[in-house]
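Residues annotated as domain 'tr-type G' in Swiss-Prot: 4-281. Feature annotation from Swiss-Prot assigns GTP binding site to 13-20, 80-84, 134-137.
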Amino acid sequence: MDYNKLRNIGISAHIDSGKTTLTERILFYCNKIHAIHEVKGKDGVGATMDSMELERERGITIASAATHVEWKDFPINIIDTPGHVDFTIEVERSLRVLDGAILVLDSVAGVQSQSITVDRQLKRYSVPRLAFVNKCDKTGANPYNVKDQLRSKLDLNSVLMQIPIGLEDKHIGVIDLVLMKAYYFEGKDGTEIIEKEIPSDLLEEAKSKREIMLDTLADFNDELMELHMEGKEVPTEIIYNATRTGTLALKLCPVFMGSAYKNKGVQLLLDAVTRFLPSPHDIKNTALDLNNNEKEIDLKIDNELPTVALAFKLEDGQYGQLTYVRIYQGILKKGQELINSRTSKKFKVGRLIRMHANNTEDIEFGGSGDIVALFGIECASGDTFCDPSINYSMTSMFIPDPVISLSVKPKDKKSADNMAKALGRFTKEDPTFKTYVDIESNETIIQGMGELHLEVYIERMKREFKAEVETGMPQVAYRETITRKAEFNYTHKKQSGGAGQFGRVAGFMEPLDKEGETYEFVNLIKGGVIPTEYIPSCDKGFQKAMERGTLIGFPIVDIKITINDGQYHIVDSSDIAFQLAAIGAFREAYEKAKPTILEPIMKVTLEGPTEFQGNMFGLLNQRRGIITGSLEDGSFSKVEAEVPLSEMFGFSTVLRSSTQGKAEFSMEFLRYGKVPSTIFDELRKKFNDQNKS
């Protein structure tokens, strides 16, 4: 394989922009599949890249299936990424290992909310991109408008490389503005490309658009600028070089168009991928040297150097765990010994394969820059594999925090075992899916990037792991505390024949206001009124009493306890007697110390178009939010607020519907704060009602 010709590309888009259909056509024209199936087609086959049963049913792409194709002797690895906001980690993951991308846009809807999110991710990983304006056959198609939106909404220097021949139901082909030729796609499935002269009624428009294209490209090539200014003909190769230079420098976004569904324009888009998107040689990648203070090391596309590879996706295959790997340096071959830099464990490379959606092709080795898959390797997503002579780690992928939680409960013993297996699998596969058991409520809580994200996992539990589960709302982790000082003087006495129990503890409790501490114990006992060996028993008893408050049954925090007096009995006093005395003393004083309830307060950040700023403020105010800051950056707004966690459930859905899906939010724990009296009363009533029942 000529690695200078290799292209690692992703296809990113808003949901329903026709991205999976485009990928399907690419597979067909590259002879990887021999029949075309629609995403939600009548034949029940579904798109080839949507290999998970659930994806085919919903008609949305969930897992980024990888496939290897060849176009005119250029090897291309394609990662098909999900277009729904809830699957953002899949997009982030694939962009991490890509060298270039195709941004697919709907010719009617144009730049949509997820296009903005995807573009932000492409920028985060400095991925050069081409734009493909799809669905030019749709009613209301306007590719020129989409090209303008790329500038106004995404701030991309978009340049038309083609114009359409007809739109809506009259869309029959495209005009190439570089070659100044018209292209039609005929024969069954558009496999016959017919090159003709530009129709006379479109010639003037084509000339005018070519002028604009050359003006834009002149910034990237001095020779082109001179020839264009002198009114001379610019050679095709110079135009291609200028386009490639601008694209690789992330200063240009060439725009192509067509209709994947109607088989128009796909082959010319593939030509553009090979011409304008980078090979692994064109991209700088770095690793951190763990043996040298995490010093940044430049990696080289060279098969002779020590191997460095990144595991970027895990799947359960029929032969065990399938690990997708991008090779950044050196080679991967069967039988090779590597080390996982996170665990320091050595392993041997077993079966090495190339993927075509969910079909596999065994290979002997993969070279620098390639994307391959391994079977039977124990690892987590994001792990780095390297030659044992070095200890490098690829910089970690940006992983957004989960924003929604749900409690899950297995319906029976078999489901409980299967659910445990499923949760173990999912957390390994997806770093944005988290799970834990809430110690206080004993519920299993799952967390993710949105309702659909968690729904898909609950469905997968049922289908793949045969785990029947019920879902509910998770409980907020409240706390209790006191608001004033209170004294205690409590005697624990149990004398009913035989060994008795006796212990008296006196002192006071007060609110503790110390950063990072929730409990403090002070011993002011003098003259041995409580023997030294029983002081730890008192401490233990107070801490035991704080495990469950009397208001709503949650742990008690932020209390300082001081003991200054007491009494013991030479026979009946014991460790347990003083523990019980301390528990009694605590409860006696707690009621007098005016206890209250604390709730988790989250730092919430909303980002979205300025036109929705009012909606964002409104949503936060409705949720007892306190706005702490806002920032306007042209058409984009950022709002920061402190909001109680209990008000944030279901927020992603509400935010999406009130901002047309154009705003995003992140949330992290900030501190505990006192609940208002109305909430206090509600929580008390709920707790008392539960205890009665």
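Just so it is clear, glycine is given a Cβ too, placed from its N, Cα and C backbone atoms.
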Note: in the chain of CYS136 (GTP binding site), residues six or more apart in sequence with C-beta under 8 angstroms of its C-beta are SER107, PRO143, PRO164, LEU167, HIS171, MET257, GLY258, SER259, LYS264, GLY265
When pLDDT is averaged across the domain 'tr-type G' (4-281), the result is 84
LYS19 (GTP binding site) -> DSSP, reduced to three states, gives helix
